[in-house]
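Colleague: Handing you a structure now.
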Amino acid sequence: MPTESGSCSTSRQAKQKRKSHSLSIRRTNSSEQERTGLPRDMLEGQDSKLPSSVRSTLLELFGQIEREFENLYIENLESSHSTSQLSQKLKTTYKASTSKIVSSFKTTTSRAVCQLVKEYIGHRDGIWDVSVARTQPVVLGTASADHTALLWSIETGRSLVKYTGHVGSASGDQTAHIWRYAVQLPTPQPAADTSQVSGEDEVECSDKDEPDLDGDASSDCPTIRVPLTCLKSHQGVVIAADWLVGGKQAVTASWDRTANLYDVETSELVHSLTGHDQELTHCCTHPTQRLVVTSSRDTTFRLWDFRDPSIHSVNVFQGHTDTVTSAVFTVGDNVVSGSDDRTVKVWDLKNMRSPIATIRTDSAINRINVCVGQKIIALPHDNRQVRLFDMSGVRLARLPRSSRQGHRRMVCCSAWSEDHPTCNLFTCGFDRQAIGWNINIPALLQEK
């Protein structure tokens with residue numbers, strides 16, 4: 001009998017525990033009054049080895065936990081419904097607005113404002129520099145890592161003459177060459193219409209996607225092998241050169257950290273411009289005054305003043321955080337500098353402390369050029385893009401680039417030819433080609 005009594009007692013306690021658990025679970029759907037009164041009354045009469053104070057505390061704690069779970073459950077149901085509606089609304093609004101922006105940008109920029117007119121293909125390696133003749137006849141000039149320089153007919157895209165006098169890549173032989181040739185411009189051919197290609201259809205192009213440029217399209221043009229004048233004084237690669245106003249002197253920039261001013265007729269070194277801490281990247285002369293600006297990897301550019309023969313002053317401009325790839329003169333007393341720090345800065349020569357405008361981009365910037373008449377800056381980028389900004393830093397346009405047109409490698413340089421009726425902007429790059437663009441400047445400024 002005692003054994004049976006103990007067994008019954010154990011069985012009864014187990015059932016009471018199961019009943020207690022089942023009651024606590026059912027309370028999830030009960031009202032607040034049932035939660036506070038019914039369970040406590042039912043459980044108070046049950047056998048338990050816990051003191052009544054401990055049992056009361058535990059019941060109260062379990063009740064609080066259940067109430068918290070109920071509140072969280074209700075909040076989750078409500079928030080999931082509202083979040084779904086908000087998410088759908090955001091998706092619809094974003095899709096509509098971005099589609100409108102992109103379609104508007106395609107229509108105005110790629111087709112009506114910026115059009116690819118001519119491709120100049122003939123170099124066998126990347127093209128470092130491009131420039132346009134300042135006097136008649138107006139021809140295009142390019143300097144390449146294939147050790148050659150070429151003159152081109154802007155209208156036809158044909159190479160007119162090839163220069164092969166350098167030993168190294170362009171001026172990698174530490175010299176600057178002056179050579180002369182009387183070009184005869186061919187009859188212009190109608191330009192192909194490329195305006196139907198959208199400039200926003202971005203396609204990642206590999207080297208295999210590049211056009212076949214192995215054939216030397218310049219092989220049938222005259223070749224010059226001996227310079228008229230050879231300027232020798234540098235101890236490193238000559239990376240840039242420009243004419244001082246008047247055409248009797250030339251300035252060169254080199255990786256030997258110096259810029260040299262030469263007398264062209266005698267080939268004599270007039271001044272050696274020293275002060276940069278690292279290699280020079282570019283030099284530029286003022287169109288009407290005896291001013292020279294040089295840029296360097298030391299994150300600065302310097303203004304050299306030769307207007308007074310007895311005083312050769314220099315001013316240092318600091319403001320970039322990486323290599324200054326180029327600095328060029330614009331209208332008035334302004335200079336524009338571009339850098340590998342992905343910024344372009346506009347400076348007032350009368351105030352060197354800080355720029356008057358800063359343009360921030362998403363890629364390193366190479367040799368910039370300014371349309372002086374309209375104050376438009378052309379920015380060639382490492383990421384194959386070319387963007388146009390005004391002097392106040394407002395973005396005007398991006399030149400069309402797709403799988404069928406535009407540059408396929410880093411764009412190294414830009415050059416404006418403001419008065420040319422067919423092509424008023426030229427760019428060149430590591431894809432071994434130069435490109436002539438027609439920029440509808442009135443339409444571009446109207447969309448500003």
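Heads up, residue numbers simply count up from 1 along the chain you see.
Heads up, the Cβ atoms here are built off N, Cα and C, so glycines get one too.
Take a look at what TrEMBL says about it:
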type: COMPBIAS; residues: 1-13; note: compositional bias 'Polar residues'
type: REGION; residues: 1-49; note: region 'Disordered'
type: COMPBIAS; residues: 22-31; note: compositional bias 'Polar residues'
type: COMPBIAS; residues: 32-47; note: compositional bias 'Basic and acidic residues'
type: REPEAT; residues: 120-162; note: repeat 'WD'
type: REGION; residues: 189-218; note: region 'Disordered'
type: COMPBIAS; residues: 199-217; note: compositional bias 'Acidic residues'
type: REPEAT; residues: 231-272; note: repeat 'WD'
type: REPEAT; residues: 273-314; note: repeat 'WD'
type: REPEAT; residues: 317-357; note: repeat 'WD'
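Map these features onto the structure and tell me what's around them.
Modeller: Tertiary proximity for the repeat 'WD' (231-272) is limited to same-chain residues at least six positions away from its ends with a CB under 8 Å from its CB atoms, namely 129, 168-172, 174-178, 278-290, 292, 294, 296, 304, 306, 312.
Residues 236, 239-245, 251-261, 320-329, 335, 337, 339, 349, 367, 372 of the same chain, all 6+ positions outside the repeat 'WD' (273-314), place their C-beta atoms under 8 angstroms from a C-beta of that stretch.
Residue counts of the repeat 'WD' (317-357) by helix, strand and coil are 0 helix, 22 strand, 19 coil (DSSP-based).
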Colleague: Just to be sure I understand, if DSSP states are collapsed into helix, strand and coil, how many residues of the repeat 'WD' (273-314) fall in each?
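Modeller: Computed counts for the repeat 'WD' (273-314) are 0 helix, 26 strand, 16 coil.
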Colleague: Under the DSSP assignment, what numbers of helix, strand and coil residues are found in the repeat 'WD' (231-272)?
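Modeller: Within the repeat 'WD' (231-272) the tally stands at 0 helix, 24 strand, 18 coil.
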